[in-house]
Amino acid sequence: MEGRFFPNKAALFMMLLTVCIAPTLVKGQGTRVGFYSSSCPRAEAIIRSTVQAHFKSDPTVAPGLLRMHFHDCFVQGCDGSILIDGPNAEKTAGPNRLLRGYEVIDDAKTQLEAACAGVVSCADILALAARDSVFLTNGRSWAVPTGRRDGRVSLASDTANLPGFRDSVDVQKKKFADLGLNTLDLVALVGGHTIGTGACQLFSYRLYNFTNTTSSGADASIDPSFVSQLRSLCPQNGDGTRRVALDTGSPSRFDASFFANLRSGRGVLESDQKLWTDASTKTFVQGFLSGQGPTRLDFNTEFAKSMVKMSNIGVKTGTNGEIRKICSAINA
């Protein structure tokens with residue numbers, strides 16, 4: 001990965017940002033690309049270099065930041081509420097307890113406050129860090145509209161609408177539709193599982209006594225050879241916190257191989273594998289597989305579009321919200 005953000009490539013990087021997706025897709029609800037161009041010109045560069053520095057020492061921060069942005073947007077909108085500390089804050093909810101990368105956001109915020117105090121929101125830092133994480137794992141970059149303000153509410157009780165690993169496709173589609181995201185957005189964004197891992201406790205129930213329709217007792221939708229592989233990694237009554245790659249083809253590279261896994265019955269999470277067995281989502285999975293099926297789709301392009309769309313869910317702009325001084329705490 002080294003060398004992808006050398007200073008002499010800054011112009012090329014900015015060019016990539018502006019051409020990756022159509023201009024009509026980079027503005028919404030008061031956000032716009034280049035929001036900090038006058039108020040804090042180095043904002044995106046500071047965030048980018050911070051993510052890169054942490055990524056060099058710990059590549060797992062990339063999927064962590066991407067997932068954190070997703071979880072932030074699905075609760076109270078993309079307002080950085082996932083970052084707030086507190087005994088009953090969002091980050092304490094079950095689906096959020098394994099999130100990681102908070103130290104990256106805090107580091108970037110410290111540097112931004114030194115460069116231009118009280119200007120750049122934590123919500124925008126997270127949105128930009130998620131984009132940079134994808135780029136660092138060999139995905140394509142995109143222009144991120146900025147101008148979000150930070151929320152003042154963070155409650156674990158508000159996380160019920162986060163997609164779950166046992167959700168049926170209908171439930172997944174409803175949760176996405178409730179936030180203005182369609183079925184293509186669903187499949188594209190779940191494709192973010194091409195990087196990162198899942199804890200054994202999230203899927204080991206599929207491996208043991210799941211059904212009586214297979215001789216092994218495992219979920220019939222899992223390829224039998226993959227069952228053996230997963231059982232060796234997650235033995236019955238073993239360490240539920242052990243982590244397993246969600247994309248066995250290229251777990252550290254952002255690409256479409258995740259969808260090939262689904263086609264082969266090698267989806268780790270039950271909710272992911274169901275995208276192949278349900279006709280309404282299978283057509284898009286096929287589209288991402290080298291243009292197969294009735295719909296030919298480029299994963300990187302559609303992922304970028306869906307990320308921009310998601311990043312504008314319930315954003316706070318203008319006089320709504322605040323610009324936190326510390327990302328983990330609401331201003332006094």
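Using N, Cα and C of the backbone, Cβ positions are placed for all residues, glycine too.
Nobody curates TrEMBL annotations by hand; they come from automatic prediction.
According to TrEMBL, the feature disulfide bond maps to CYS40-CYS116, CYS73-CYS78, CYS122-CYS327, CYS200-CYS234. If you look up TrEMBL, you'll see HIS71 marked as active site, proton acceptor. The feature substrate binding site is assigned by TrEMBL to PRO163. Taken from TrEMBL, the feature Ca(2+) 2 binding site covers THR194, ASP247, ASP255.
Nearest to CYS200 (disulfide bond) in space, judged by Cα atoms and limited to the binding-site residues PRO163, THR194, ASP247, ASP255, is ASP247. Reported as a whole number, the C-alpha separation between ASP247 (Ca(2+) 2 binding site) and CYS234 (disulfide bond) equals 16 Å.
Annotation for CYS122 (disulfide bond): same-chain Cβ neighbours under 8 Å, separated by at least 6 residues, are GLY80, LEU83, ILE105, LYS109, ASP150, ARG324, CYS327. Of all the binding-site residues given, namely ASP247, ASP255, the one with the smallest number of surrounding CB atoms inside 10 A is ASP255. Distance from the CA of CYS40 (disulfide bond) to the CA of ASP255 (Ca(2+) 2 binding site) is 33 Å. The residue listed as 'substrate binding site' has its Cα within 10 Å of the Cα of none of the recorded positions CYS73, CYS78, THR194. A simple Cβ count within 10 Å picks out one of the disulfide-bonded residues CYS78, CYS116, CYS234, CYS327 as the most packed, and that one is CYS78.
In space, CYS78 is the closest of the recorded positions CYS40, CYS78, CYS116, THR194, CYS234 to HIS71 (active site, proton acceptor), judged by Cα positions. Rounded to the nearest whole angstrom, the C-alpha distance between THR194 (Ca(2+) 2 binding site) and CYS40 (disulfide bond) is 33.
Inclusion criterion for the disulfide-bonded residues CYS73, CYS78, CYS234: a C-alpha placed within 10 angstroms of the C-alpha of CYS40 (disulfide bond); this criterion is met by none of them.
CYS78 (disulfide bond) and CYS116 (disulfide bond) are 22 Å apart (CA-CA, integer value). For the recorded Ca(2+) 2 site, residues THR194, ASP247, ASP255 set the reference point as the centre of their Cβ atoms, and the other residues of that chain within 8 Å of it by Cβ are GLY191, HIS193, ILE195, GLY249, SER250, PRO251, ARG253, PHE254, ALA256, SER257, PHE258. Taking the C-alpha positions, the distance from CYS73 (disulfide bond) to CYS234 (disulfide bond) comes to 31 Å. On the backbone, the CA of CYS234 (disulfide bond) and the CA of CYS78 (disulfide bond) stand 34 Å apart.
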